[in-house]
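A short write-up of the structure that comes next.
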Amino acid sequence: MSSPTTSSLDTPLPGNGPPQPGAPSSSPTVKEEGPEPWPGGPDPDVPGTDEASSACSTDWVIPDPEEEPERKRKKGPAPKMLGHELCRVCGDKASGFHYNVLSCEGCKGFFRRSVVRGGARRYACRGGGTCQMDAFMRRKCQQCRLRKCKEAGMREQCVLSEEQIRKKKIRKQQQESQSQSQSPVGPQGSSSSASGPGASPGGSEAGSQGSGEGEGVQLTAAQELMIQQLVAAQLQCNKRSFSDQPKVTPWPLGADPQSRDARQQRFAHFTELAIISVQEIVDFAKQVPGFLQLGREDQIALLKASTIEIMLLETARRYNHETECITFLKDFTYSKDDFHRAGLQVEFINPIFEFSRAMRRLGLDDAEYALLIAINIFSADRPNVQEPGRVEALQQPYVEALLSYTRIKRPQDQLRFPRMLMKLVSLRTLSSVHSEQVFALRLQDKKLPPLLSEIWDVHE
């Protein structure tokens, strides 16, 4: 059974309603290029953090000796990475997120020294400021290296001064001594400000002050309103999706599971669910503050690149660890075998479930999911983005809101925020695996509906 006629992605962006059937496709073709994917599948839990960086740097790996000369490295297992990730500045092997960018230890230290010591005023390029940066040239031209750091997204406001580092260490030592004198010997209880999924984003938890790292942190009125709007928009879009449930091709029951008709029906069933998800994401994006301020081309570019990643986030959100199944639209529940019967490859199915399990361990609530999705949408490094600076500026309030929210919700878990951002790196990996899956479907002569073909740039 064929899937229902769907609309072009190009049609719904400026308006306020869901895509309309029969609309012509006129969106620009997106080249299959962009940021180099990070191979290796979903990321493990991040084992350490760098106290010398501010929280917005999400600098969670090897501490820089020059930032904390008296600090001894902690013993234990080395931080695990996703694979052979590359530094976004010089192309060397990356060690983690530093100052908001996946980068190597060398570029991390260089950027910090440049900011703290005012190196930008002293650097000069002999080649007119056009040097191509790599692991060799990074030592030859400091001006172009600093320029590339900023172009990659490193933020000066994430760098702490020596005085700030010293005060932060003193404050932490005082907190630790107070904790030891007040707490009885034994396992530490859970924080009263921590809560499970579904916590109210604007209630007492988000608006109250925490302890430890969360002490003094409070959401602004604008941040509380932003979170409430995002959560409400997601709920509204989700309810609209339920109304499309009767339109989905039924999952074949009782028929020969290996018959051609049954295989086609299962494939149609999954593609129609994907169409509903895409329409829900487009509808949600239009309600994200700032999205409709962008030009039409950038709206399309951001949606084309982020849709599959948001779909995977929503898939993880619906994962049931007890049954190891994923539920869509309340009534459709699927196991790994069901995904395989629908024509998906094990190489794509297994990472989906691994990612879903990792997300469940984080225990995100509705507000955190909504903020993470908004951050994902406003990714300035997507292919064909015309105004990356504007996109990055729109993303920043959501990053800051998520940082504050997580520090209030789980003040004792300093790694929660960087772990969330690392999940966005995992999504880039899954996105590249998805591209391979789409190519495999084409080899099987399985034709995708027009909307999915357009948004995933499948050209027959």
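Every residue, even glycine, has its Cβ placed from backbone N, Cα and C.
Feature annotations, courtesy of Swiss-Prot:
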- 1-85: region 'Transactivation AF-1' (REGION)
- 1-78: region 'Disordered' (REGION)
- 36-45: compositional bias 'Pro residues' (COMPBIAS)
- 87-107: zinc finger (ZN_FING)
- 125-149: zinc finger (ZN_FING)
- 169-216: region 'Disordered' (REGION)
- 199-215: compositional bias 'Gly residues' (COMPBIAS)
- 219-460: region 'Transactivation AF-2' (REGION)
- 222-460: domain 'NR LBD' (DOMAIN)
- LYS409: SUMO2 cross-link (CROSSLNK)
- LYS447: SUMO2 cross-link (CROSSLNK)
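Cβ neighbour density within 10 Å is lowest for LYS447 among the recorded sites LYS409, LYS447. Panel annotation: around the zinc finger (125-149), residues 89-92, 101, 103, 106-107, 110-111, 114, 119 of the same chain, lying at least six beyond its termini, place a Cβ under 8 Å from a Cβ of the stretch. Sorting each residue of the zinc finger (125-149) by its DSSP state yields 11 helix, 0 strand, 14 coil. Between the alpha carbons (Cα) of LYS447 (SUMO2 cross-link) and LYS409 (SUMO2 cross-link) lies a span of roughly 45 Å. Remark: secondary structure over the zinc finger (87-107) totals 3 helix, 7 strand, 11 coil, with classes taken from DSSP.
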